[in-house]
Amino acid sequence: MRVLRASSVLLPRTCGLQSRVLRSSVSVSVLLKLNGMRRQMRCSYSSRAIYTASDSKEEEECVDDSNEILGQHKESIIKEDVAKSYVEIENIRSDPDRLYSMTVKELRTLTRRVGIPAKGSKKDLVSALMSLPDKGKNTAASTEEVNTKNQSSKRKAKALPVEENAQASTVVSEVTSKQKISRRKQKKVESTRVEGDCITSTTVEELSVKTEEIIDHVEPWTILAHKKPQAGWVPYNPRTMRPPPLSRDIKSMKFLSWNVNGLRALLKLKTFSALQLAQRENFDVLCLQETKLQEKDVEEIKATLFEGYDSSFWTCSVSKLGYSGTAIISRIKPISVKYGLGIPDHDSEGRLVTLEFDGFYLIGGYVPNSGDGLRRLTYRITEWDPSLSNYMKELEKSKPVILTGDLNCAHQEIDIFNPAGNRRSAGFTIEERESFESNFLSRGFVDTFRKQHPSAVAYTYWGYRHGGRKTNKGWRLDYFLVSQSIADRVHDSYILPDVTGSDHSPIGLILKL
């Protein structure tokens, strides 16, 4: 018997194999174990080993005839980066028949190693591999460099303030990218394979990967996300669906409204700058809901307001501290201010501020949520909504009225991603929607956004729990309602979905005076 020494391991020259030293970017230890077992040896395939049917058969035959191995030796195991396996992959890719002989599982393993999404049929996977540019030996380095740049750019983008994020979003094309979040458990496995004419047993670190795909769209609000879309519905895109700015000779006022879900927490975010938001939007009046402030905190917050907005009016919950709360910040001094509805049963939670201006009343409001188990539903539809509606109609006797804020109701099916699954959820019950219709819309108040965009699917709230903002699975809960008499003076009613920092986005209104 003739023996050939290869990589410090003695291998019998059987089955007519021409032994050779493996040349690949993957450095492996060469090991062959035979313990007197005949035709019972099973080849253990790792997720990183690539096989063909002919290779497997040849290996089994050779193992059967190799009963007189002189010894077992193992070389040191060298860890390698998955991205550096292109040399081996290019050899396999050059033979289409070999690719087609591989199983779907093996093809998916191969595509993952080169950064191609491991999805689709066998034909799709083979086609993706064949269309991969031939980058040769330099591919691993270039791939690593690109990944590093991508990670760096993502970190920078996340740290951008509101204004820069918005500017960046206007120049990025509307494409959907997919990221994979993996939980990996490493363990050593031993696999036997045939590569060329050399039988090797390789110990590698197998990655047991559980992946979850998350849609990470640059501008997710431009995706038509709805469980039951109707013909003619389109996704709302503020970059393309807003009217051109008014000329400077037309007098107007610009209002912004935002449920901030805790003002202190928002102002502490490094990715948010209230000053930059004011500079970008150049609003005249800002209405805030769910500030969660206590009365003792108001003066401290006032001291941090940006220059030019000297008139601010705050109301806080006294029945439950650190709860609810609303405010209006204005650079135009109002004629008068009023807090609440004037009804003690409704005014202990700091939910309403009313400012009187020359041509209208502005109400910043935070309508009570019906709550878990709809425990406040009856209060909401039989007491609060009728009281607020009557209050607005009383004001309207002297001037038109604008009501803005989180009204805690998705009025129609177009206003919520999953209408069927939320029939008994607070904010979308039949009772709340009918109350919204009868107390506001039917009494002459106009939903300005829906009037301007009757077929646009647009949301202002996305729950944190399921990452709804990334996939645009939300609700439209925030509104500008105006008296019918000034509805035609509304130049623009819009949403700013790119402004983050809260589970709600700001909404805006431009009113010609």
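Just so you know, glycine gets a Cβ as well, placed from its N, Cα and C.
Annotated domain 'SAP' per TrEMBL: 99-133, in sequence order.
Using a 10 Å radius centred on the Cβ of D406 (Mg(2+) binding site) and all shown protein chains, the other Cβ atoms total 27. Residues annotated as Mg(2+) binding site in TrEMBL: N259, E290, D406, N408, D503, H504.
Sequence annotations record features per position, and here TrEMBL assigns active site to Y366.
Residues or ranges marked as active site, proton donor/acceptor by TrEMBL: D406.
Every protein chain shown contributes to the tally, and the Cβ of N408 (Mg(2+) binding site) ends up with 24 other Cβ atoms within 10 Å. Residues or ranges marked as site 'Transition state stabilizer' in TrEMBL: N408.
Per TrEMBL, the feature active site, proton acceptor maps to H504. A simple way to gauge crowding: the CB of H504 (Mg(2+) binding site) has 23 other CB atoms within 10 angstroms, across all the protein chains here.
The annotation site 'Interaction with DNA substrate' is assigned in TrEMBL to H504.
Across the structure, N259 (Mg(2+) binding site) and Y366 (active site) are spaced 8 Å apart at their Cα atoms. In sequence order, N261, Q289, Y366, Y461, L477, D478, S502 are the same-chain residues whose CB sits within 8 A of the CB centroid of N259, E290, D406, N408, D503, H504, the residues recorded for Mg(2+) being left out. Geometry remark: D406 (Mg(2+) binding site) versus Y366 (active site), CA distance 5 Å. Taking H, G and I as helix, E and B as strand and the rest as coil, DSSP gives the domain 'SAP' (99-133) the counts 22 helix, 0 strand, 13 coil. Sequence-distant contacts of D503 (Mg(2+) binding site), defined as residues of its own chain at least six apart whose C-beta falls under 8 angstroms from its C-beta, comprise N259, N261, Y461, W462, G463, Y464, R469.
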